[in-house]
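Before any comments, here is the structure.
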Amino acid sequence: MQSTIKPVEYDRPVAAGTVCGVGQAWAKVPDAPSAEERAALKARIKALLAREKAVLVAHYYVDAELQELADETGGCVADSLEMARFGRDHDAQTLIVAGVRFMGETAKILSPNKRILMPDLDATCSLDLGCPVDEFSAFCDAHPDRTVVVYANTSAAVKARADWMVTSSIGLEIVADLHARGEKIIWAPDRHLGSYIQKKTGADMLLWQGSCLVHDEFKGIELDLLRAEYPDAKVLVHPESPENVVAQADVVGSTTQLIDAAVKFDAKRFIVATDLGILHKMQLAAPGKTFIAAPTAGNSATCKSCAHCPWMAMNGLANLADVLERGHNEIFVDPAIGERARLPIDRMLEFAAAHKKRVQASGDLQRDQSLFANVGAA
């Protein structure tokens with residue numbers, strides 16, 4: 001069962017001082033520094049991280065040079081929830097989040113007493129943009145009999161309206177559990193991930209009609225042609241992709257799952273349907289293997305993302321150094337919203353911990369593998 005909410009056009013005109021649309025995001029992407037500038041910026045950032053007693057946490061989708069810097073300085077390169085957990089558990093009182101705004105907010109929710117800084121506060125997410133809290137709250141109010149489940153890629157205010165927050169590592173299990181208890185569900189914001197979970201679980205779900213700008217552009221017909229060109233390649237697909245792309249996957253999962261698959265599969269060649277930023281970590285984890293980007297457009301089409309998130313691309317060495325030097329671009333979350341938003345996050349974490357214990361206690365490796373066959377970390 002799906003909602004009839006009209007999908008959001010992310011390249012619509014955006015008023016100054018509100019949110020950053022696709023065109024504005026690409027306009028704000030920093031120019032690539034020269035080799036000399038890059039070396040100087042990295043040295044400066046390392047010194048500033050030490051001076052500020054700060055730690056850098058970066059998402060798999062930001063540019064390789066930022067991922068390298070996080071690894072080199074004792075930081076973290078991970079999925080969005082692991083970024084927040086790492087920041088929560090680290091001794092540093094200042095976290096530099098290289099990613100998009102909802103990631104900074106999630107870090108602040110889990111570490112309310114820490115200072116959270118971001119290279120550019122305009123770095124947002126099409127899923128977040130496409131799920132305004134006022135509209136979403138009205139939608140929830142219109143269906144009071146349903147349990148509200150939201151994906152991690154949402155604002156703090158939307159999380160505060162939810163009963164559960166999920167990542168793709170545990171979303172199937174949580175929805176299946178809710179379905180087994182007879183609960184009907186509102187799902188937001190990604191319609192493709194929601195549809196994937198709905199088909200796997202058979203749950204009664206109303207799907208908010210949001211989508212990821214990057215994953216929504218992957219094309220099933222062109223992917224089929226690419227597979228014919230490389231018949232030996234395994235296909236790795238993020239579940240935020242359209243159904244006709246997911247259907248061609250050898251592995252469906254998100255960032256951590258897809259990296260693990262690249263390591264564990266015996267294949268030497270992979271077609272990857274997710275943000276190009278992940279290829280850096282895949283190449284490090286599986287040297288000697290070849291990774292091919294899945295097609296985002298046909299010959300006569302143009303792409304808005306070309307398989308790289310424009311908001312992720314707004315993170316660069318220069319603005320990272322600047323935020324450390326000036327101490328600006330701090331993330332704030334209203335304490336009342338933060339407290340409410342933490343409840344669905346903690347509920348998910350508790351469920352995940354209990355679920356992990358149940359799986360480990362089963363002692364059945366074949367059963368365990370089937371449980372995790374098509375899911376990965378958020």
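Here the Cβ of each residue, glycine as well, is placed from N, Cα and C on the backbone.
For the [4Fe-4S] cluster site, Swiss-Prot lists Cys212, Cys309; matching the candidates Cys20, Cys76, Cys125 against that entry yields Cys125. The annotation in Swiss-Prot ties Ser80, Tyr151, Ala152, Asn153, Ser168, His238, Pro239, Glu240, Thr255 to iminosuccinate, and of the candidates under consideration, His59, His90, His143, His179, the one tied to the same site is His59. Less than 8 angstroms from the CB of Glu240 (iminosuccinate binding site) sit Asp190, His192, Leu193, Ser211, Cys212, Val214, His215, Asp216, Ser254, each of them six or more residues away in the same chain. Sequence-distant neighbours of His59 (iminosuccinate binding site): residues of the same chain at least 6 apart with a C-beta under 8 Å from its C-beta are Val77, Ala78, Asp79, Ser80, Met83, Ala98, Gly99, Val100, Met103, Gly277, Met312.
The [4Fe-4S] cluster site is defined by Cys125, Cys212, Cys309, and by the 8 Å test on Cβ atoms against their centroid, the other residues of the chain that qualify are Tyr61, Val100, Ser126, Leu127, Asn153, Leu213, Val214, His215, Asp275, Trp311, Met312. Neighbour density for Cys125 ([4Fe-4S] cluster binding site): within 10 A of its CB lie 26 other CB atoms from the protein chains shown.
Counting every protein chain shown, the Cβ of Asn153 (iminosuccinate binding site) has 26 other Cβ atoms within 10 Å. For the pair formed by Cys125 ([4Fe-4S] cluster binding site) and Asn153 (iminosuccinate binding site), distance between Cα atoms is given as 7 Å, rounded to the nearest Å.
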